[in-house]
Amino acid sequence: MFNIKMTISVLLIALIVLLIIILVVFLYYKKQQPPKKVCKVDKDCGSGEHCVRGSCSSLSCLDAVKTDKRNIKIDSKISSCEFTPNFYRFTDTAADEQQEFGKTRRPIKITPSPSESHSPQEVCERYCSWGTDDCTGWEYEGNEKEGTCYIYNNPHHPVLKYGKDHVIALPRNHKHA
């Protein structure tokens, strides 16, 4: 009986020592990691990195969106996006108009100037970039020559779904993330 109690005591002490060693190694490893580089734009980061929520990161665009827009819901058919200087840009994607974010969709009349070489889609993006901080996303439906621009102004987290011939963009590092 005495040997069993002694064996259990030794095992408990060994387990506690092992846990302490693991904790010390973990804390040492955390201290050795270099701090993440602080950034405001992608140019502040190294090659292959993008500015995501104020830190340089090598996340894919889709993972960066999920980090930046914490409660975003993305249809499983949507497998990628593209970083632009101010937006996460999705092709063949639309906002779900039944959700809070999608209900704020309002059309904007786009008339590209004949003297400028910007497509209606680029004008739509510029409208959201130059507008107020209330622009929480833009969507373009149509082709390169003509289509409709929609602006969103609801800070609720978007629900994105597959939408043929739609392009939607969500602001990066936005105050409503």
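The backbone N, Cα and C atoms fix where each Cβ goes, and this holds for glycine too.
The annotation topological domain 'Intravirion' is assigned in Swiss-Prot to 1-7. What Swiss-Prot lists as transmembrane segment is 8-28, and the listing cites sequence analysis. The feature topological domain 'Virion surface' is assigned by Swiss-Prot to 29-177.
Residues in the topological domain 'Virion surface' (29-177) partition by DSSP class (helix H, G, I; strand E, B; coil) as 29 helix, 48 strand, 72 coil. In the predicted model, the topological domain 'Intravirion' (1-7) shows an average pLDDT of 64.
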